[in-house]
Amino acid sequence: AVCVSLLGASIIPPQPLDLLQFNEMIECTIPGSFPLLDYMDYGCYCGTGGRGTPVDALDRCCKEHDDCYAQIKENPKCSSLLNVPYVKQYSYTCSEGNLTCSADNDECAAFICNCDRTAALCFAEVPYKRRNFRIDYKSRCQ
């Protein structure tokens, strides 16, 4: 069977489960947003990788999110492949822009959920500057 998307899926690579949950959290805090399109190539830290000085407040949110994920990777309890931030699923609720991580999450899921929650709330508090989307990474992120 062949699946065809009219939404430009060829532009968006398949996303691990946790990143899809992070996407949903951003949609909760910023209704009407398209996180996979808007944030995957923003500044120096939003999307894959990250280096240099963040270009603005939104990019700082992404750097803090990256740093948060780095902390969970250092926790020996969360070092198995099932617990890495990009694939570990967690439970949370969204109500009118408010995000709550479930008390039922295990230690690793709780940490990852809180990383994503903090970043999604941060995104909602800072401006999105179109000029920092798809910047020249090599020259501006040193």
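Cβ atoms here come from the backbone N, Cα and C positions, even for glycine.
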Disulfide-bonded cysteine for Cys94 as listed in Swiss-Prot, from Cys3, Cys28: Cys28
Among Cys101, Cys108, Cys122, cysteine joined to Cys113 by disulfide in Swiss-Prot: Cys101
Candidate sharing the Ca(2+) site with Tyr45, Gly47, Gly49 (per Swiss-Prot), from Asp56, Asp66, Asp67: Asp66
Bond partner of Cys78 - disulfide, per Swiss-Prot - picked from Cys61, Cys62, Cys68, Cys108: Cys108
Recorded disulfide counterpart of Cys61 (Swiss-Prot; options Cys3, Cys122): Cys122
Disulphide bridge to Cys44 as given by Swiss-Prot, partner from Cys115, Cys141: Cys141
Disulphide bridge to Cys68 as given by Swiss-Prot, partner from Cys46, Cys115: Cys115
Spatial neighbours, same chain, of Cys44 (disulfide bond) - Cβ under 8 Å, 6+ residues apart: Gly50, Arg51, Gly52, Thr53, Pro54, Val55, Asp59, Lys63, Ile135, Tyr137, Arg140, Cys141
Neighbour tally for Cys78 (disulfide bond), based on other Cβ positions within 10 Å of its Cβ: 20
Whole-number Å value for how far Gly47 (Ca(2+) binding site) lies from Cys62 (disulfide bond) (Cα to Cα): 8
